[in-house]
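Peer 1: Quick one: structure below, then a few questions.
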């Protein structure tokens, strides 16, 4: 990577052109760059802000970015063509600049392609699967081809009739000993692979999840992963027996290129079943060669990547909303002047909880990502901790994607009519995170998986078998919080931990008592609503504990620590008030105490945070190119940007639209 690219912030305060936004920045009580470095610097940090800054500057410098209209003015085909061109150029430029680190390459690709990198699933999921599930011999053969983008693949798991319940997938791979190959079919309409990103028009291979039958059709061996070519390398035409296409158009030209795939007697060599964890020999004998749980490592990896994308989207949404609220005036005060909408308590009530949630999610994600990367270094430890890791990643995705979708909509609404424009940047963000609520597992199903883990841990606690209990659930064996008032940050942590502990113990006891009269299936189904609730409670506990730990790391940064502490209180109390029924019913707090928190403490925190709101979003250090928003630009020239974007609309190229020329000339029938 070019070393001369500096790592300073993208903007300085003197880049601000709007006087009201400048006043906001001058009122901040802490140094923005100090907070940025505290939160996001370091090579082990998933956001590694200084390297990211270099990569962004390199990515946006290419002249291709000035060759097309804003995306909302392109047709679907024009948009796809631009994204493919940018994606291919991104690969070429990354190679030219010698960007070799996989995480850095992913960032560069995303920025260069305006977050529409056409080969995202190939680089994030398929390469990871080949590296971890293919045998050494297969890696030597296929990885160089995949890394050089000769093979471009997507992950084909979801079917028309089955998604999250992967055990019910219907695609078949039947071994044929006479040709040493697998015959692959999607035998029913419902077995059609449906939804894989980049499948519709882009990839030439799929990593296919299919039911294996060997040595013949009468011997099922469970789900396995296969590398299947679907398009010709030279012509890009679908191969014989392959029907592939794009599915229905989605919102705002989001480049998912989601597709469908039907396979009719497609043959692949036996050696194209990924064989690190399981093998089929020439005689069709099936052998387990490794721990089958590693097969799900790809899903955990991708789920963590997906959480990261939600958080980037959330930082963008709250940055746009707060900056716009700092320059937008609406309504008249007693002095006859207009009021800045960020000064309204109702606007603060919308946006400050969004901001505090963004920080809570970011802090927890950094902790989770660090934990995941440490575990990957040692397969034994990884397998030992996989249940906890799976529970955390599933719960985080299930909880955070739903909340992010709701908060993105709040940010959109808080910007009024202008927020409904695609040019605001908020419409695309909202639509993207909306889709994420279903991607990589339905949210309530994932939360139920987290709940299963919590019940198992509670059983260990009840049976005094807690030797290897995970750190995220250590609170389940701690004494309950016994105070009657919250005096400090740790009190709030213990309060939430006790609430979660009591809820888990309650449902565990209830299900145990039902075990003598009901089947395990009926017990689980009948209690599924409460199981989702205990998973959410556990995740809220995790967010609050991680936030508390981060505040504790900042004593040498007193002004930063104070702002983070105030955000901690907002996130915690706002969450507590939303779940007040639990705290009252479990006798952890009284209704009067919660009323006091909601009506006095929260508004007081809003007032204390008010001078720092713009600075707190500036600390995310998002470049205007990343935001792609007329409302959120750093300089504050919102109205100028909106007019410029409006004038670019291709509809304005005609002073009089041709249809009206036809009408005036009488060439159309009279209405």
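Every residue gets a Cβ built from N, Cα and C, even glycine.
Got these off TrEMBL a minute ago, pasting:
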- 440: active site, proton acceptor (ACT_SITE)
- 158, 197: FAD binding site (BINDING)
- 31-152: domain 'Acyl-coenzyme A oxidase N-terminal' (DOMAIN)
- 296-455: domain 'Acyl-CoA oxidase C-alpha1' (DOMAIN)
- 489-661: domain 'Acyl-CoA oxidase C-terminal' (DOMAIN)
Peer 1: Counting across all protein chains shown, how many other Cβ atoms sit within 10 Å of the Cβ of residue 440 (active site, proton acceptor)?
Peer 2: 23
Peer 1: Average pLDDT across the domain 'Acyl-CoA oxidase C-alpha1' (296-455)?
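Peer 2: Averaging the confidence scores along the domain 'Acyl-CoA oxidase C-alpha1' (296-455) gives 92.
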Peer 1: If you run through the domain 'Acyl-coenzyme A oxidase N-terminal' (31-152) with DSSP, how many residues end up as helix, strand and coil?
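Peer 2: Going by DSSP assignments, the domain 'Acyl-coenzyme A oxidase N-terminal' (31-152) contains 86 helix, 0 strand, 36 coil.
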Peer 1: Give the distance between the Cα atoms of residue 197 (FAD binding site) and the residue listed as 'active site, proton acceptor', rounded to the nearest whole Å.
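Peer 2: Approximately 12 Å lies between the Cα of residue 197 (FAD binding site) and that of the residue listed as 'active site, proton acceptor'.
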Peer 1: Rounded to the nearest Å, what's the C-alpha distance separating residue 158 (FAD binding site) and residue 440 (active site, proton acceptor)? Just drop the number here, would you?
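Peer 2: That separation, Cα to Cα, works out to 9 Å.
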Peer 1: Once the chains shown are all counted, how many other Cβ atoms turn up within 10 Å of the Cβ of residue 197 (FAD binding site)?
Peer 2: 22
